[in-house]
Amino acid sequence: MFRNYVIIAFRNLKRNFNYAALNVIGLTLSIAACLIIFLVTKNELTYDLHHHKAERTYRVTLHALDYNPSVSMAIAPAMRTSFPELETVAQYLPRTDAFVKVGEARYKEKEFAYGDQYMPEVFDYTWLRGSAKTALSEPNTVVLTESLAHKYFGSQDPMGQVLRLNNHFDLKVSGVIKDLPANTSQVFGFMISFATIQKEMGRAMEEFYAIAGGQTFIVTPPNFDISKLQSRMKPFIKDHWGAETAEGAELPLQPLKDIHFDQRYIQSTTASRQTYMALIAIAIFIIVTACINFINLATAQAVKRAKETGVRKVLGANRGQLIRQFLGETAILVFATILAGLIAAYLALPPVAAAMDVHIGIRQLNQPIVYLLLLALGVVIVLLAGLYPAFVQSSFQPALTMKGAGKQTSGGLSLRKSLVFVQFLVSQVLIIGTLVVAKQMDFFKNQDLGFDKEAVVTIPLMNRETQQVLGQQLKTINGVKEISFSSAAPSYNNNYAPFSCPERGVSKDDVTEVRFIDDHYLQFFNIKLLAGTNVSNVKDKDSLRQVVVNETLLHKLGLKTPEEAIGMNIQFAGDKVTINGVVQDFQSESKHKERRPCILIGFPRGFNVVSARLYSKGMHATLTQIEQKWAALYPDGLFDYEFLDDHIAALYKQEQKVFNAYQIFSILAIVIGCLGLYGLVAFAAVQRNKEVGIRKILGASGTDIVTLLGKEFILLIAVAFLVATPLSYFLMHNWLGNFAYHISLQPGIFFIALSCSVAIAALTIAHQSVKAAVSNPLKSIKTE
């Protein structure tokens, strides 16, 4: 009997190849999409949870005017003294851009860190060489990740080997750990013992507001009430740094598991948890839609197979046998499709992961949880997508089906129309969301930033004493149009200082961005000077007391015109300075945040980079010449550069990830939705086959038949649009609220979505409708 079921199942699949192909394509795409979304969301939602103390680990942060992940390096030793009940207090200092020399080989590393001997007690590093207890306890020692150890030393034993960092000090390898997982908030290729730079930290080891970018982590004892510790942080600040400091600052304790999605903190570029919840919702929608499509297409086929069912019942088959047969056919199709979906996921994962900028390899598909998920998914799909058609087919009455009367009730058709309505409702929300994200991304890229970013390359300085020589060398290159020295180009932002002006109501708790620039900076970046004079690069104390400010600082002072600010004195970093000029605002951070007050100072000793504007022709050759000039001046250094427009694009990496994800999975959801619509039109065409034949005999044209079969579905789309519009407006309005500067939601976006939906649906409906319209009416109205 079972063998007979299998043979008949394969015969039916072969006979109804188009039906089987539609189901296979829909389910394959949906399974592949769900697998990829599962891996992506699992990766994002489990950030830092691989540490076994994650639930008891907190980062000590600073909240003054902003939320800052960094605190003074004086916090950790003070907490060890004041809170002896804490299990561990560790210090971590992330850094970027290291030049490493190993023998005669030189390397540029993007991320590295300093950490004290307590870091291995907080975080679970997998030690391949060395001891977790001693590897970071001595000065001038370094722990390498496995990949860097192999990169630097190949098959040699790395332990005890020496590497030189930034031409500044030598480091001895004291340990090797496995590469960090992709879903960790700590990113480094190597970690240097904190004792190596402790003496160089100076006042950063003492003063509360001397923030050097360091982070402090604590581990609480089991069953510890963190709220009680949080309530003691204010008195802690007061005891160590005075009541005045405690009044204007807090030290929030941020759970380790919340770091990845906490967007309150400056320089945060993470996506929101809601983004990945939305992806999970899309995955559920996709798989449910695929099941709905399966049901619709299978039920349409059930009508065609009504006579087969009648014959089987006449020959003695009972309902249970029929249900098992149809469920068996479904199971064969579903599990074959799951295999195809797994193969599709293997093929699609690398490009999708690259588009979404997530570090997920195909080996992650070889996890037991993935196979268990697929098995469970297969069983659920067989039950959801197979039971209903099986019961429909097994319920046909033999006498009626032998006469060709195996029709479905209008209630079943209404249910399927409702399901298609839901499909297009969600599809239109996805289309609108994708259009909004696309327009916001275009706004990021093309809105006036307040400065000229075109063809600008920034090059870090190795030695300030030779910067003028480097400048003269660069000017001799024909492909270099102009240059400027500064602490940072626009859109690079990492220096802040307190400022105040009590007579204008600005307290000392206010913070301004600080940039050290040369006298060509404003002209180079085309930043407009609104009033007063430019900075001076004269090396005297008076030049440090004469500053240029931006419009935002002007407004902070309550002034209406730039001219009012000229000659005004303000307190800046503990000194009195005079405003000599006012410039137009320019974007110094991403558009997630509003523009900050900014002070520009002519101070050559603060220069860190040289910016060069290149002619567009022969740009590659120009960069080669710049590298040659740079290498001749710094033979022990490693040349590095970054285009300014690339840096600006990187500020919106998370939004680009969201856009790419929504674009990929929205298109997929729409395709699967179209398969569902195709199935419903196919079902309607079968149900109304005789009606269509009679109408054609009575004179109905092909256009009339297409309109007859398609108009109710177009109406469904229109109603779905009416529901999708306010829903998507609410969702996207909330998303745009994450940005200080954003587009407005124009009606055109919604009508484009409607037009797309109608066009897609019309093309989908046309195939089956035209097929019905051109069929021979005599075949459809004849009876057995």
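Backbone N, Cα and C atoms are what each Cβ position is placed from, and that goes for glycine too.
Automatic, uncurated: that is what TrEMBL annotation is.
Residues or ranges marked as transmembrane segment by TrEMBL: 20-40, 276-298, 326-349, 369-392, 419-438, 664-686, 713-732, 744-766. Summarising the annotation, TrEMBL assigns domain 'MacB-like periplasmic core' to 21-234, 473-590. The domain 'ABC3 transporter permease C-terminal' annotation in TrEMBL covers 281-395, 664-773.
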Give me the stretch from 20-40, 276-298, 419-438, 713-732 with the greatest number of Cβ pairs under 8 Å to the transmembrane segment (664-686). 276-298
Give me the DSSP three-state residue breakdown of the domain 'MacB-like periplasmic core' (473-590), ordered helix, strand, coil. 24 helix, 43 strand, 51 coil
On the DSSP side of things, how many residues of the domain 'ABC3 transporter permease C-terminal' (664-773) fall into helix, strand and coil, could you say? 95 helix, 0 strand, 15 coil
Integer mean pLDDT for the domain 'ABC3 transporter permease C-terminal' (281-395): 77
Pairs of Cβ atoms less than 8 Å apart decide it: which stretch in 20-40, 419-438, 744-766 has the most with the transmembrane segment (276-298)? 20-40
Give residue numbers and ranges for long-range contacts of the transmembrane segment (20-40): same chain, 6 or more residues beyond its ends, CB-CB under 8 A. 13, 276, 279-280, 282-283, 286-287, 289-290, 293-294, 297-298, 333-334, 336-338, 340-342, 344-345, 348-349, 352-353, 356, 358, 360, 364-365, 370, 373-374, 377, 381, 661, 665, 668, 671-672, 675-676, 678-679
